[in-house]
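Note sheet for the following structure.
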Amino acid sequence: MSVPLGNIIWTCFKPMIKIYLIIGTGFGLAKINILSVEATRAISDIILTLLMPCLAFSKIVANIEDSDIKNVGIVCLSAVIIFATGLFGAFVVRQTMPVPKQWRGGILAGGMFGNISDLPIAYIQTLDQGLVFTPEEGNKGVANVIIFLTMFLLCLFNLGGFRLIEADFKYQDEESANTEADNYEPTQQLSIPDENSSSVISSKEANDKVQRPPKSVTRSEELSRSASHDHPPSIASNPTTAASYTSGYNEPDRQPLAYTQNSRTGSVKPRQQSTTGSIRSIDRREMPPEDVTHLIREYSNVDQYGHRRKSTTTRHTGDEPEEAPAGSTRGQSSMERIRSSTLTRMLTSDATVGREDIEDSGKSLLPNWMRKISVTKYFVFFLKNCLRPCSMAVIIALTIAFIPWVKALFVSGSSVPRIAQAPDNQAPLSFIMDYTSYIGAASVPFGLLLLGATLGRLKIKKLHPGFWKSALVLVCLRLCIMPILGVLWCNRLVRAGWLHYEEDKMLLFVIVIDWALPTMTTIIYFTASYTPPDAKETVQMDCVSFFLMIQYPILAISLPFVASFYIKVKLKA
């Protein structure tokens with residue numbers, strides 16, 4: 001039975017309403033500082049290490065069968081062609097149109113990698129209500145999107161796609177460096193009360209000298225000043241401000257305290273702990289909204305020389321380990337090694353890898369003669385990135401899905417062998433599927449909220465002359481021209497006999513919409529991670545901000561149009 005065209009258009013446009021409402025909600029939460037930069041990064045890491053792997057495991061094990069091996073290969077091939085087409089289009093734009101020299105690699109990454117994660121999953125999950133696709137077909141479509149996502153992670157991390165973004169950044173040498181900004185922490189001496197001193201300042205006097213703001217100061221200004229006092233990085237980012245910064249305690253009976261990288265004094269840690277928690281998260285909501293500057297401070301992993309920044313803990317407390325309580329030294333040292341290891345940093349965050357990680361790969365594991373082979377470090381780096389939670393979840397899930405007797409331990413049905421069931425007539429390990437599906441369901445909504453929060457912080461300071469033309473052309477290429485190529489590619493797959501419109505309509509639909517997606521949001525985080533926190537010019541961030549912001553208004557029209565056309569004309573719904 002044919003579905004009226006008006007119904008199909010509404011069905012394809014309705015998911016965009018849901019998606020943009022969630023994005024708008026994230027935008028609003030960022031503006032009132034509920035989704036702060038720190039909260040955004042924490043949630044992003046949770047999605048990367050827990051939610052998305054659970055979603056991948058549950059969808060692949062439940063919906064992929066051993067007979068789908070060919071389809072998995074087609075998805076991988078389609079992903080490579082999508083990335084190559086976007087890369088070629090971006091290269092042509094870069095060679096023929098005005099693009100700043102500081103973003104010649106970033107534009108290639110922007111054209112190559114699409115947002116293959118939350119957007120297509122959210123779109124498909126709204127279409128599987130029975131009018132066009134069934135819920136079973138929708139679940140299988142989500143599994144196919146996750147395989148696309150795995151190819152995305154493989155190209156971006158394992159094969160070093162992030163180096164396109166990193167190559168744009170040219171850092172200062174020792175001679176031309178800004179010595180005032182060399183230490184990100186302020187080096188001016190602050191004063192705190194001496195615990196051994198007999199003189200004690202009264203609470204009223206302390207409030208009068210330090211905490212009491214002028215009557216004309218608003219609550220938000222007071223909190224802003226307090227935040228600047230409590231978080232030294234925001235002071236150090238402005239050398240002029242840092243040079244004039246002094247503490248409210250200037251009495252002679254106070255002992256000085258310097259926040260320096262090499263500080264080893266015992267009084268540093270108590271002061272650090274007391275200041276870090278003095279501004280509550282609920283009080284930050286009365287402060288001005290955080291912008292792209294705060295995002296750079298949070299994600300930046302390099303100093304002005306391009307070297308990896310030391311952690312805040314290392315800067316405050318030095319390199320000496322803290323004393324552990326008696327009886328817990330062994331357990332604490334093991335946990336500390338796990339938390340501070342390079343591998344943990346790489347696997348639990350999405351924008352913390354760089355050239356140094358490639359160069360250091362295998363140094364602590366392989367003998368010297370093996371490290372001298374040029375390809376060794378790349379091979380070790382490739383294997384290390386295979387340990388990312390989402391990649392491991394997909395590898396394990398596909399292994400289970402392709403072995404029917406193993407799959408029968410997790411799910412029951414006509415497609416798996418009949419084995420002894422649990423007392424509730426479910427598969428023996430069905431509780432694992434319950435766990436992963438329940439947790440994984442939160443991945444997409446949180447991802448869209450973070451997308452909105454990120455877009456809400458973007459700010460354009462200055463654009464390269466004529467760059468808006470280049471960005472607009474590349475956006476039209478990604479959202480208008482590439483979908484046409486996607487339809488032609490699917491037609492070729494059908495004519496070759498690899499896929500069929502009736503049996504594989506969901507897979508064909510997934511391939512088409514993956515050709516029509518905007519640029520990955522992760523490009524913002526990578527750009528911020530390679531930007532020094534004290535950078536005076538942020539050309540790369542300005543370019544990527546403009547490039548991303550002009551895509552989503554066009555996407556609201558282009559994606560429903562492509563979906564409606566393919567469902568009505570090609571799938572003959």
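In case you wondered, yes, glycine gets a Cβ from its N, Cα and C as well.
TrEMBL labels come from automatic prediction, so no person has curated them.
Some features that TrEMBL has for this protein:
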COMPBIAS  178-204  compositional bias 'Polar residues'
COMPBIAS  218-232  compositional bias 'Basic and acidic residues'
COMPBIAS  235-249  compositional bias 'Polar residues'
COMPBIAS  258-279  compositional bias 'Polar residues'
COMPBIAS  281-297  compositional bias 'Basic and acidic residues'
COMPBIAS  329-338  compositional bias 'Polar residues'
REGION    177-338  region 'Disordered'
TRANSMEM  6-30  transmembrane segment
TRANSMEM  42-60  transmembrane segment
TRANSMEM  72-93  transmembrane segment
TRANSMEM  105-125  transmembrane segment
TRANSMEM  145-165  transmembrane segment
TRANSMEM  386-406  transmembrane segment
TRANSMEM  438-458  transmembrane segment
TRANSMEM  470-494  transmembrane segment
TRANSMEM  506-526  transmembrane segment
TRANSMEM  546-567  transmembrane segment
Given the transmembrane segment (72-93), its same-chain partners at Cβ distance under 8 Å and 6+ residues beyond its ends are 64, 99, 107-108, 110-114, 116, 144, 147-148, 151-152, 155, 398, 470, 473-474, 477-478, 481-482, 485-486, 489, 493, 498-499, 507, 510-511, 514-515
Verify whether three or more Cβ pairs under 8 angstroms connect the transmembrane segment (438-458) with the transmembrane segment (470-494), leaving out any pair fewer than 6 apart in sequence.
no
Among 42-60, 105-125, 145-165, the most Cβ pairs under 8 Å with the transmembrane segment (386-406) come from 42-60
DSSP tally for the compositional bias 'Basic and acidic residues' (281-297), helix/strand/coil in that order, comes to 10 helix, 0 strand, 7 coil
Same-chain residues at least 6 beyond the ends of the transmembrane segment (145-165) with CB under 8 Å of its CB atoms are 52, 55-56, 59-60, 72, 75-76, 78-80, 83, 105-106, 108-109, 112-114, 116-117, 120-121, 124, 353-355, 358, 378, 381-382, 385-386, 388, 390-391, 394, 510, 514, 520, 522-523, 526-527, 530, 540
Outside the transmembrane segment (42-60), at least 6 residues beyond either end, the same-chain residues with a Cβ under 8 Å of its Cβ set are 35, 117, 121, 139, 142-143, 146-147, 149-150, 347-350, 388-390, 392-394, 396-398, 401, 433, 435-437, 439-444, 446-447, 449-450, 525
Other same-chain positions with a Cβ less than 8 Å from the transmembrane segment (105-125) and lying at least 6 residues past its termini are 15-16, 18-19, 22, 52, 55, 79, 82-83, 86-87, 89-91, 93-94, 99, 133, 138, 141-142, 145-146, 148-149, 152, 155-156, 161-168, 443-444, 447-448, 451, 470, 474, 477-478, 509-510, 513-514, 517-523, 526-527, 540, 543-544, 547, 559, 563
